[in-house]
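Novice: There's a structure below that I have some questions on.
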Amino acid sequence: MTNIRKTHPLLKILNSSLVDLPAPSSLTSWWNFGSLLGICLAVQILTGLFLAMHYTSDTATAFNSVTHICRDVNYGWVLRYLHANGASMFFICLYLHVGRGLYYGSYTYTETWNIGILLLFAVMATAFMGYVLPWGQMSFWGATVITNLLSAIPYIGTDLVQWIWGGFSVDKATLTRFFAFHFLLPFIIAALVMVHLLFLHETGSNNPTGIPSDLDMIPFHPYYTIKDILGLLIMLTALSTLVLFSPDLLGDPDNYTPANPLNTPPHIKPEWYFLFAYAILRSIPNKLGGVLALVLSILILAIVPMLHTSKQQSMIFRPLSQCLFWLLVADLLTLTWIGGQPVEYPYVIIGQAASILYFSIILIFMPLISSVENHLLKW
């Protein structure tokens, strides 16, 4: 008799995705982050659901409701800090996942890659709106500054900003709609994840060598399930250590002050995972130019497949491209540091140089070096 997991209409979908899925035998730990992101999403949805049971999206009570969750709700502080630091873990895994895709040339699977970029935008939008909900100083001013950027759009900008605000400033209407969208978006993200996996399983996984692995496949279970469980344990250890020992390490102290429209904080900055994009935004003196650079800093990923000039898919056998890749990583870390610094000399000039380098590496140097490598290999 055939196993039920292979015949049942629902179970056979799970079976072909998680149990009997043929996977390349050479996948390294860099391929763990997809499953870790799935776990992060589940953790965020669950903790968020319980937080939403106690949160009130009203400007008069939002800040106090978060305090109430931490002080009066059973293990409310664990829920709150798991959710806040879970977002940081989510972004760490996201950036490593994208980095892996860039390094090993996974972007050649364009449908999967483009859905991934869409997912990245959706997660960033969700995180931004979530940061507004505690209604602290940084929440309020962050929302004001970032939504105000849309006013740079010619002709419709001002109307668009007021439409998003639901008035003439960030107020009760803004907070309520941000809460509604913050609750809704993770479920849209979950649906997009299914589409992401659907396209991935059409082509099969890439592997570190970048060479087709159809001749050498192994079943996903037990080999990669046990590998994913190890990755999960490491991530959960890191997350629980962060939550239990220094929950505010990655947060901003200003957010423990209730929002006050009459008092601007000395340095308005987003959460750490947006600092690189914020630095690129600030490095251009023109408002519209800054907004365009901000959007392009992520959207540039969409044209990476078109800029692939190498005859090899992966970077594993391309030392010159590897040097450029790690230069890009160092550049992004520099931008992240600059994003958290005040707008003054020498930070401004460093930020501008790092921003130019970021776009130059992706648009000019990567394709150029790939062509040079082809030439050196006489291809």
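Cβ coordinates are placed from backbone N, Cα and C, and glycine is handled just like the others.
Swiss-Prot feature annotations, pasted as is:
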TRANSMEM  33-53  transmembrane segment
TRANSMEM  77-98  transmembrane segment
BINDING   HIS83, HIS182  heme b b562 binding site
BINDING   HIS97, HIS196  heme b b566 binding site
TRANSMEM  113-133  transmembrane segment
TRANSMEM  178-198  transmembrane segment
BINDING   HIS201  ubiquinone binding site
TRANSMEM  226-246  transmembrane segment
TRANSMEM  288-308  transmembrane segment
TRANSMEM  320-340  transmembrane segment
TRANSMEM  347-367  transmembrane segment
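Quick one: how deep are these features, and who are their neighbours?
Specialist: Through the fold, the transmembrane segment (33-53) approaches residues 69, 79-80, 82-83, 86-87, 89-90, 93-94, 96-97, 100, 182-183, 186-187, 189-190, 193, 228, 231-232, 235 of its own chain, all at least 6 residues removed from its boundaries and within a Cβ separation under 8 Å.
Note on the transmembrane segment (77-98): residues 30, 33-34, 36-37, 40-41, 43-44, 47-48, 50-51, 66, 69-71, 116, 120, 123, 127, 130, 235, 238-239, 242-243, 247, 250-251, 271-273, 301 of its chain, located 6 or more positions outside it, place their CB under 8 angstroms from a CB of the stretch.
Within 10 Å of the Cβ of HIS83 (heme b b562 binding site) there are 21 other Cβ atoms, across all protein chains.
Spatially close to HIS196 (heme b b566 binding site) yet at least six residues away along the chain are THR112, ILE115, GLY116, LEU119, judged by Cβ distances under 8 angstroms.
Here the transmembrane segment (113-133) has Cβ contacts under 8 Å with residues 55, 57, 62, 66, 87, 90-91, 94, 97-98, 101, 106-107, 139-140, 142-143, 146, 174-175, 178-179, 181-182, 185-186, 188-189, 192-193, 195-196, 199, 270-271, 273-274, 298-299, 301-302, 304-305 of the same chain, all six or more residues outside its ends.
Sequence-distant neighbours of the transmembrane segment (178-198) (same chain, 6+ residues past either end, Cβ-Cβ under 8 Å): 17, 37-38, 41, 44-45, 48, 52, 55, 57, 112, 115-116, 118-119, 122-123, 125-126, 129-130, 132-133, 143.
DSSP assigns HIS201 (ubiquinone binding site) to a helical segment in the three-state reduction. Counting only same-chain residues at least 6 apart in sequence, those with a Cβ under 8 Å from the Cβ of HIS201 (ubiquinone binding site) are SER16, SER17, LEU21.
Residues 27, 29, 32-33, 35-36, 39-40, 78, 81-82, 85-86, 88-89, 93 of the same chain lie 6+ residues outside the transmembrane segment (226-246) yet bring a C-beta within less than 8 angstroms of a C-beta in it.
Same-chain residues lying 6+ beyond the ends of the transmembrane segment (320-340) with a Cβ under 8 Å from its Cβ atoms: 99, 102-103, 269-270, 272, 274-280, 282, 310, 347, 350-351, 354-355, 357-358, 361-362, 365-366, 369-370, 372-373.
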Novice: Within 10 Å of the Cβ of HIS182 (heme b b562 binding site), how many other Cβ atoms can be counted across all chains shown?
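Specialist: I count 21 other Cβ atoms within 10 Å of it.
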Novice: Round to the nearest Å and give the CA-to-CA distance linking HIS83 (heme b b562 binding site) with HIS97 (heme b b566 binding site).
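Specialist: Here the two Cα atoms are 20 Å apart.
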Novice: By a simple count, how many Cβ atoms lie within 10 Å of the Cβ of HIS97 (heme b b566 binding site), its own Cβ left out?
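Specialist: Taking all protein chains shown, HIS97 (heme b b566 binding site) has 20 Cβ neighbours within 10 Å.
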